[in-house]
Ligand code: SF4
């Protein structure tokens, strides 16, 4: 099949645009979308230190490559990468992330559950089973990432979050009836490093293609503790529906953004954890944040 814009051979078909694109036009289209997202949200400004949350997988590796190309020559914006090692044997290999980062000449910093909390995710799972592994992992990783980022003077956290991730999250919150998450406002919270998601409007398969075209040595292994039955179901439903209605994922992401700007969103706020001093949503109550609650539970407090 020929590229819709030139005579070269196409490497991808975009159902939502009706376009077949060759490698050159795919790259151009992909990077234009990511740059537009950054511009639209004013995600990167002069003076920023942007840290990629680098797991070593395809999405975060792709965002590191993209931002390196975009910011590499700029003197007014600093780029770095941070990897958190949760301690999952055979899955998380911080060395892979280090090699990716160093290969692009991007400064790299790492932190581990073992050093920060005195326990690895493998040990948590051995004690608690796999049922809540993603909850423990997510809460502790976010808290640790945020702490390291602040120590490094990071002003923006870049995630490889893509259109599929965004649409799945909105639909999952709808199915759970989780109004608090759907309407949590997008605003700056003291002590919480803001997140940016340059690939928010780009489908997962295109992010994967971009990673395959540009990055060598990213991690293809899946986490052995990934359970997420609801996310798996939602992914299946959305993929099937989007085949017939190609704009659906995009519409869901835009719906999520609109809900975060409503009056309902204006009422929800952030406070500070009484124990560790980290920011936390007020609805968590109890005076201590989720990470401290999880650590109490693990220590049998
Ligand atoms: Fe952590 Fe769950 Fe992701 Fe595995 S799948 S790295 S346990 S959040």
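Heads up, the Cβ atoms here are built off N, Cα and C, so glycines get one too.
Curation plays no part in TrEMBL annotations; they are all automatic predictions.
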* Pick the one from 12, 84, 125, 189 that TrEMBL also lists for the ATP site with 53, 54, 55, 59, 160, 165. => 84
* Asked: residue 292 (Zn(2+) 2 binding site): which of the binding-site residues 22, 25, 53, 160, 165 is the nearest Cα neighbour?
  -> 53
* In three-state terms from DSSP, label residue 273 (Zn(2+) 2 binding site) for me. => coil
* Let me know the most crowded of the binding-site residues, choosing from 53, 273 and counting other Cβ atoms within 10 Å. => 53
* Structure fact -> Taking DSSP H, G, I as helix and E, B as strand, the domain '2-thiouridine synthetase TtuA-like N-terminal LIM' (2-27) contains 5 helix, 8 strand, 13 coil
